[in-house]
Amino acid sequence: MSDVAERVKKIVVEHLGVEPEKVVDGANFIEDLGADSLDTVELVMAFEEEFGVEIPDDAAETIVTVGDAVKFLSKSA
Amino acid sequence: MFDLTGKKALVTGATGGLGGAIARTLHAQGASVALSGTRIESLEALAAELGERVVITPCNLADKESVEALVPAAEEKLGGLDILVNNAGVTRDNLFLRLKDEDWDSVIAINLTAAFRLSRAAVKSMMRRRYGRIISIGSVVGTSGNPGQGNYAASKAGLIGMSKALAAEVASRNITVNVVSPGFIESPMTQALNDKQREGILSDVPMGRLGAGVDVAAAVAYLASGEAAYVTGQTLHVNGGMTMI
């Protein structure tokens, strides 16, 4: 697992309080991990902080799974 | 009760009658306070009066960039932000038929849009810290209406709807969002009334007097406190019984 994926998963586990084994690439934040819409905004804020990047709103809307986040952050971080 | 020691508060319109009273009261309860307004000399005078635990963050709420910079500036100077008081407000009264677009736009921009931008900025870090108090100063006319104040009444009613929507969104993050809605309070705004207008107003106030700034400030201090943790999306009317709703 890449370093980015590691860090993304750590944030998701901490923030959503879910079992680490559930945080797989295909896991949808809302449908699979029980996030609400505000959680997804907070996750994006947490990613921005951890990776020191700015995620524009239109990009944030495309980040719906753990894999989406890893992919986006691998490109921009 | 209502102890604000260690809390960090930003008050807009702090050089006004009401804003000054709110800033003094929050400060007296122990909060560190950022005073915002356009008149720097008045801000400095109030800061000197309060002494410790106070910073000034000048801002022109009619200017978008200036508004966007305010919350980050207050957070930096205070080391965080727990309490935002959207107090600043202006009037451009006229009969509806004579109300110019500029009068409408400027009142909405300062009274409502600035409060939106400041709340949006403040809630970001409040969400992270899982604590926050956003209090907007409305007006009885936002609920009752008032001839000659179509723009002002709209802006104040807008604050109520906005606060309820935001309150519902962020309640799970331990952030409360409320409105304190004053009636007729002694201030430069009400001092502009003539004697006849004053008499007319007082005949509608069961308490038989205009309110004082501290009457409103005490309501703000309550909503800002830990004791008001279960109160959100509400409008607290402070009007001497003028309108009972």
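The backbone N, Cα and C atoms fix where each Cβ goes, glycine too.
TrEMBL does not curate its annotations; it predicts them automatically.
Here TrEMBL flags B:Y152 as active site, proton acceptor. Reduced to three states, the DSSP call for B:Y152 (active site, proton acceptor) is helix. Residue environment of B:Y152 (active site, proton acceptor) contains 23 other Cβ atoms, counted within 10 Å of its Cβ in all protein chains.
Within 10 Å of the C-beta atom of B:N87 (NADP(+) binding site) sit 27 other C-beta atoms, taking all shown protein chains into account. Sequence annotations record features per position, and here TrEMBL assigns NADP(+) binding site to B:T38, B:N87, B:Y152, B:A153, B:A154, B:S155, B:K156, B:I185.
According to TrEMBL, the domain 'Ketoreductase' annotation covers B:7-188.
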Averaged pLDDT score, the domain 'Ketoreductase' (B:7-188): 96
For B:A154 (NADP(+) binding site), nearby residues of its own chain (Cβ under 8 Å, 6 or more apart in sequence): B:W104, B:V107, B:I108, B:L112
For B:A153 (NADP(+) binding site): intrachain residues, at least 6 apart, with Cβ closer than 8 Å: B:S139, B:V141, B:G142, B:G145, B:N146
For B:T38 (NADP(+) binding site): intrachain residues, at least 6 apart, with Cβ closer than 8 Å: B:T15, B:P58, B:C59, B:N60, B:L61
B:T38 (NADP(+) binding site) in three-state DSSP notation: coil
Cα separation, B:N87 (NADP(+) binding site) to B:Y152 (active site, proton acceptor) (Å, whole number): 14
Whole-number Å value of the largest CA-CA distance among B:T38, B:N87, B:Y152, B:A153, B:A154, B:S155, B:K156, B:I185, listed as NADP(+)-binding: 24
